[in-house]
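Since the structure comes first, as structure tokens, the remarks are kept for the end.
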Amino acid sequence: MISLHRSCFLNNTGISGSSSPFSYKLKKLPPASVKVTALGPNRDRNSSVLIENNNNPLKEIKEDDTSSVADADPNPTVTGEDRDLYYDAAATDDQLVTPWSLSVASGYSLLRDPHHNKGLAFNEKERDSYYLRGLLPPTVISQELQVKKMMCSIRQYQVPLQKYMAMMDLQLGAIMFPPIIELNERLFYKLLTDNVEELLPVVYTPTVGEACQKYGSIFRRPQGLFISLKEKGKIHEVLRNWPQRDIQVIVVTDGERILGLGDLGCQGMGIPIGKLSLYTALGGVRPSACLPVTIDVGTNNEQLLNDEFYIGLRRRRATGQACNLIEYAELMHEFMSAVKQNYGEKVLIQFEDFANHNAFDLLAKYGTTHLVFNDDIQGTASVVLAGLVAALKVVGGTLADHRFLFLGAGEAGTGIAELIALEISKQTNMPLEEARKRISLVDSKGLIVKSRIDSLQHFKKPWAHDHEPIKKLVDAVNGIKPTVLIGTSGVGRTFTKEVVEAMAALNEKPIIFSLSNPTSQSECTAEEAYTWSQGRAIFASGSPFDPVEYKGRVFVPGQANNAYIFPGLGLGLIMSGAIRVHDDMLLAASEALAAQVTHENFDKGLIYPPFRNIRKISAHIAASVAAKAYELGLATRQPQPKDLVKYAEHCMYNPAYQSYR
């Protein structure tokens, strides 16, 4: 018997010809019967295949037969949009789908296809139609019960990395943990969406850091594209090896600065995979529109180079010497050009975990020609700004009334500082240079001051102010007298008791953000911040911390997680057809996130809303970003929908099972 997957026969051309960024029309295939020749395991060469099609449009019906956002209003306020389908993720219309364009005489492959498998949730009719009788136990269960079972299984693992591997198995179908294996993409996203607060630390920081460190050992099945120096001159062809053509988001890394863990080379692929999982689960971007990419130019990590299980190029990284820099620049330029040629101008390219010397240059070089976004520089800045705006509702005043001191002057630190300065300038009409004077940065050599200007990297120079040199952080706190202390150093436990106590002595409610990831690299813990400030600190961190009890009061630490921002930002860019990312879009995203923090959240000490509401939050962020894109003339999808929040919800991928006809 032979099994043929639908994607081999549906040649989708992408979004450029469709008015909806999340849809494209199915081409109707006429009924036809053909003979094919195949050599199966039993060497039976002849198999009959029937191409099936109805005259009726394909329809998806949700398992619970509930109506959708669009169905609730027969004349929705979303205007100028065709009611098209894209075949694998129609999230709102009740439409039947078929898992293949060709029916085959066995459902065995269907059970091993993560895009269409439903496991025990296949109903009786589907088991008859798709030759599943005997291949499944007789019981039929709901997706909700499958989610409950998966959560019970995942919670049995005590080691976070085991939980991570189990989740990846569910998404990819790698054979590793048979008790929970389902090879089921929709179940993976349903599981993550319904349990986001519990599973976010599993599929992303802090666990993803350990997964990247051990990626060679736990690698089972490839996901995404690995583009190395071996592919130089052939990247266009490499991109065409990817089965999907309508890519809308690419997350790319070169693995040189993975979280706070340094150069992990090719094993940094865990980062793009994790980010894109969140684009789908939190932002509703359909999985088939996401492409993770690792650019492998070698590694300077001696431990990896000597590891027999390392999966990347075994050579020193192509950076440093002039010839290597040219080789690196040429490879990146070829990649960026090939992406635009293959997927068009409106594909979002997110740079992730590039080292400082490349991150700023790539963003500056391609920011005017491509739709690019650096999450470490811009995403971190946006989520931190949102936390600060929310915190001001507790401490009072405006941003311009506060003084900011950073420990760390790399991508994250300077990116956050610049966005704060932009917001101050916007709110007060103050010149940007004047707004920057309210912000001071400390790097490994001490306070950044004018006397160091000649030795500073270009991205640090705007922060060199007139001040005497200061080496120690605690002396900088006492000298600058900041109201806000932000850590982006990547060095753990640098906010010492002396530093936190100095902040508490200067401020009734000191704002302390310890943002470095993973948890081991955090500048201080939540418990330390609350205890050393006598329970007065307004605290947020990059990685999650458990609630802290201090003198009978329970404090819930905020998490300045980029996952609040980038999924909604990406959705807003896609649904508006934006062609460039503008700083005003980042400010709009920050303001939209801060607006989602309620008085109830403030009462619990939270300056970020709970992640359990993340899809609602992402819809509001997407709407604000899209509105700004239209305002700036950067949106290409016309006309503008009247209700952008409703349209964002309408566009979101729904992981609920589809019913097959």
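Note that Cβ sites are derived from N, Cα and C of the backbone, with glycine treated the same way.
Any TrEMBL annotation is an automated prediction that lacks curation.
Residue environment of LYS275 (active site, proton acceptor) contains 27 other Cβ atoms, counted within 10 Å of its Cβ in all protein chains. According to TrEMBL, the active site, proton acceptor annotation covers LYS275.
For ARG257, ASN517, ASN561, the entry in TrEMBL reads (S)-malate binding site. The Cβ of ASN561 ((S)-malate binding site) has LEU200, THR205, VAL383, GLY542, PRO544, TYR608, PHE611 as same-chain neighbours under 8 Å, each 6 or more residues away in sequence.
Taken from TrEMBL, the feature divalent metal cation binding site covers GLU352, ASP353, ASP376. Counting every protein chain shown, the Cβ of ASP376 (divalent metal cation binding site) has 23 other Cβ atoms within 10 Å.
The compositional bias 'Polar residues' annotation in TrEMBL covers 47-57.
Positions annotated as domain 'Malic enzyme N-terminal' by TrEMBL: 181-367.
Here TrEMBL flags 39-80 as region 'Disordered'.
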Between GLU352 (divalent metal cation binding site) and ASN517 ((S)-malate binding site), the C-alpha gap once rounded to whole angstrom: 14
In the chain carrying ASP353 (divalent metal cation binding site), residues 6 or more apart in sequence that have Cβ under 8 angstroms from it: THR253, ASP254, GLY255, GLU256, ARG257, ILE258, LEU259, GLY268, ILE271, ASP376
Listed in sequence order, residues not in GLU352, ASP353, ASP376 with Cβ within 8 Å of the centre of the divalent metal cation site Cβ atoms: THR253, ARG257, ILE258, ILE271, PHE351, PHE354, ALA359, ASN374, ASP375, GLU411
Alpha-carbon spacing, ASN517 ((S)-malate binding site) to LYS275 (active site, proton acceptor), which is rounded to whole Å: 15
Surrounding CB atoms that lie within 10 Å of the CB of GLU352 (divalent metal cation binding site), all protein chains: 27
